[in-house]
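Notes follow the structure.
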Amino acid sequence: MLPHCSLLLLLCVARLLSTTSALPFEQKGFWDFAMDSMDSGGLMTMMRDEEEGSAVEEILPPDTSMCPFGCHCRLRVVQCSDLGLTEVPQNIPRDTKFLDLQNNYITELKENDFKGLTNLYGLSLRNNLISKVHPRTFVPLKHMQKLYFSKNLLTAVPKNLPASLVEIRIHENRIKKVAAGAFAGLANMNCIEMGANPIQNSGFEPGAFKGLKLNYLRISEAKLTGVPKDLPDSLHELHLDHNQIQAVELEDLSRYKNLFRLGLGYNHIRNIENGSLSFLPRLRELHLDNNRLTHVPKGLPDMKYLHVVYLHSNNIAQVGMDDFCPRGFGMKRTFYNGISLFDNPVNYWEVQPATFRCVSDRLAVQFGNYKK
């Protein structure tokens with residue numbers, strides 16, 4: 001009976017590990033860490049080892065670290081969330097791959113808090129009270145790839161982050177300044193989520209992102225009044241929603257030729273200068289909803305791969321026949337599958353049907369009643 005119970009428990013754990021969020025900026029739970037490890041086969045190997053030895057009680061050698069009091073340790077995952085901890089617990093097993101310390105009351109990270117955890121892949125410190133991080137805290141973590149540090153009291157990006165780091169989430173802190181070289185040496189970094197920090201455009205020092213080859217960056221819910229001009233030119237996704245951006249000027253986007261998705265919703269944008277969008281030849285999605293635009297931005301017909309445009313909740317009163325589609329056939333590589341125009345003062349019956357001649361399906365165009 002015991003082997004069957006162990007196998008059932010392992011299947012339940014595997015099920016938990018498989019339920020992750022597809023969005024890199026939205027953490028649903030600590031098990032988000034597991035997907036990459038499962039892809040590489042490491043976690044499945046650990047599970048197989050556990051299952052094969054489940055009928056025999058393992059005798060631990062005297063020098064083996066035990067599970068910290070109150071935590072749950074299984075398959076090299078140490079879960080210490082929601083325990084009221086005020087500091088990082090001791091006696092964390094040295095072979096730990098995932099360490100969950102979220103939802104506690106930790107205020108400081110000391111130099112030796114993670115000493116010996118050279119195999120650590122993911123660390124969650126989300127929703128603590130951390131305001132101080134020793135410069136050498138992360139030095140032992142030679143293989144860490146994911147660091148979740150959101151909802152704390154940080155005022156600066158922690159120093160000496162591991163060179164192996166691929167993803168960091170530091171949103172909902174108190175960061176007002178990103179110093180030059182803050183991410184130095186992080187050649188593997190792919191994703192940074194740093195929204196909901198009280199940072200202005202002037203808070204990014206020249207060279208703050210120097211050397212990074214990011215694919216994804218989110219600086220939403222900050223205090224930006226314009227599009228930052230010194231972000232990595234490798235970006236595929238840039239999210240600047242929920243800021244105070246007033247306009248998009250001609251050169252604002254000239255650096256970001258590799259963008260696939262641009263989020264500028266929930267700002268105060270009244271004008272997008274003619275020619276601004278011509279710097280984005282690969283753009284697939286453009287989010288300009290909940291702004292103060294009075295007309296459809298110029299240049300959309302020339303964007304060959306654009307297939308989603310959010311323009312709802314603006315002040316657009318008129319839509320021209322050539323606002324979205326080019327006149328010539330074969331000029332657009334992909335048809336639109338989403339255009340939102342609801343909550344604008346434009347009457348849909350006044351828009352010519354030919355306006356949406358490059359839309360895949362009539363249901364892809366969303367009009368609605370104007371209620372302002």
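Yeah, the Cβs are placed from backbone N, Cα and C, and that goes for glycine too.
The Cβ of Cys73 (disulfide bond) has 16 neighbouring Cβ atoms from other residues within 10 Å, across all protein chains displayed. According to TrEMBL, the feature disulfide bond maps to Cys67-Cys73 (among others).
Listed in sequence order, the residues of the same chain lying 6 or more apart from Cys80 (disulfide bond) and placing their CB within less than 8 Å of its CB are Pro68, Gly70, Cys71, His72, Pro89, Leu99, Asp100, Leu101, Asn104. Residues or ranges marked as disulfide bond in TrEMBL: Cys71-Cys80 (among others).
The disulfide bond annotation in TrEMBL covers Cys325-Cys358 (among others).
For 66-98, the entry in TrEMBL reads domain 'LRRNT'.
For 1-22, the entry in TrEMBL reads signal peptide.
Taken through DSSP, the domain 'LRRNT' (66-98) splits into 0 helix, 7 strand, 26 coil. For Cys71 (disulfide bond), the count of additional Cβ atoms within 10 Å of its Cβ stands at 21 [all protein chains shown]. Here Cys73 (disulfide bond) is positioned 55 angstrom away from Cys358 (disulfide bond), judged by their C-alpha atoms.
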